[in-house]
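J.: Have a look at this one before I ask anything.
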Amino acid sequence: MRYRSYDQESFSRFLVRVPWSDTKLFSKQAFLCNMACVIPEIKAEDLKIYGLQFVTSSLEKKAQVAVSLESSTMTEYFKQQAKWQDKRRKMTFGHSTTPCLVNGLFVMTPGMNPLASRQAYLFFEPTKFEEMNVHVHRGTYEAAQQMYQQFMPDILDHLHRNGELAKLQFTGHCLGGSIALLVHMMLLTRQLVKPSTLLPVVTFGSPFVFCGGHKLLDQKWLDANNHIHCVMMHRDVVPRAFSCNYPNHVATLLKRLNGSFQSLPCLIKKNTLYSPIGKLFILQPDERFSPPHPLLPMGSAPYALDNTQSGFSSDIFRAFLNSPHPLETLSDPTAYGSEGTILRDHDSDNYLKAINKILRKHTRMVVRKVRKQRNLLWPLLTSPSPHRLNDEGESGLK
């Protein structure tokens, strides 16, 4: 199966720089995802430093599924998110719907313990999502169903206490991000919350787990770009795992091993298992940390794929997800271990470091620009007024 190829110039047409305000939000979400990876070490008193209130964790519920945090002093964060949503609504409907107060509940899914993660990945055959004509990664769906049951009491309590002002946001890294996406979609599909209650689900380095997932949002007249934000490091192999091109002999083998693959539209039509959904954000870190991507402009920056551009097609996603192809990454002996390229481009801590380093670089540039402008302006401010010189000259003549 042949797809259109792209070089840096043709691919860059569909890239837009992520606003710094949005990058700061990603930094906060990446921080929470990174924190969720050390659940046993989290102490309620430590969270107060960041204005967070501990609600519950997966360990308390005897299931390694998720951690949720509620913040009373992070209202400003949720206001920023609500303003972003409101801006999108105004563009679509022509009116504003932002509430005057926002009360938010974060639900972070750190993935699962190593054994559970391996089990979830091994059960990668498709199954029906919510008995609908949409296919989903079986292992992740089963994990999401467990999380849904475990944390619904906390979510319902939050909705009851805050009413129309309640906001929910799900985020997670790796498998945790995929679970977060499915729980977000389950709440929408089961109509337990209004779409306006859900802020965009944000995933970091997460594998795509839907085939035809856009149908779920299309049926409700919802824009996937507004509900799903997928952040991935430029060379991260994990988001590419199920969405790269599978060679014909591999696709044939999968169909023989498990009958459910025989009717999977993505495999039949595109030689892939699961397809991207939502808005894709690409994080290119400093080249001293990881080599630049051949399709991206030089330099560290966060980008978004703009699917509203003329000429955009699903081939754009495929071009990026197949460069580099996972087989290319996995065949390199230097990819493995604590110093390997897989961990370098996928570790949740490295996502946070990469985002924050880009923010610090931007801050330094702004500071230098302000100082330069101030240095140019200072001589003008300290020099004598020409009117004053004229006045002094006239008084001297007199």
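A Cβ is built for glycine as well, from the same backbone N, Cα and C atoms used for every other residue.
A quick note: this is a predicted structure, and the numbers were derived from the prediction, not measured.
The annotation domain 'Fungal lipase-type' is assigned in TrEMBL to 125-245.
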J.: Kindly state the mean pLDDT of the domain 'Fungal lipase-type' (125-245) in the predicted structure.
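T.: 93, rounded to a whole number.
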J.: Of the residues in the domain 'Fungal lipase-type' (125-245), how many are helix, strand and coil by DSSP?
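T.: Per DSSP, the residues of the domain 'Fungal lipase-type' (125-245) fall into 58 helix, 27 strand, 36 coil.
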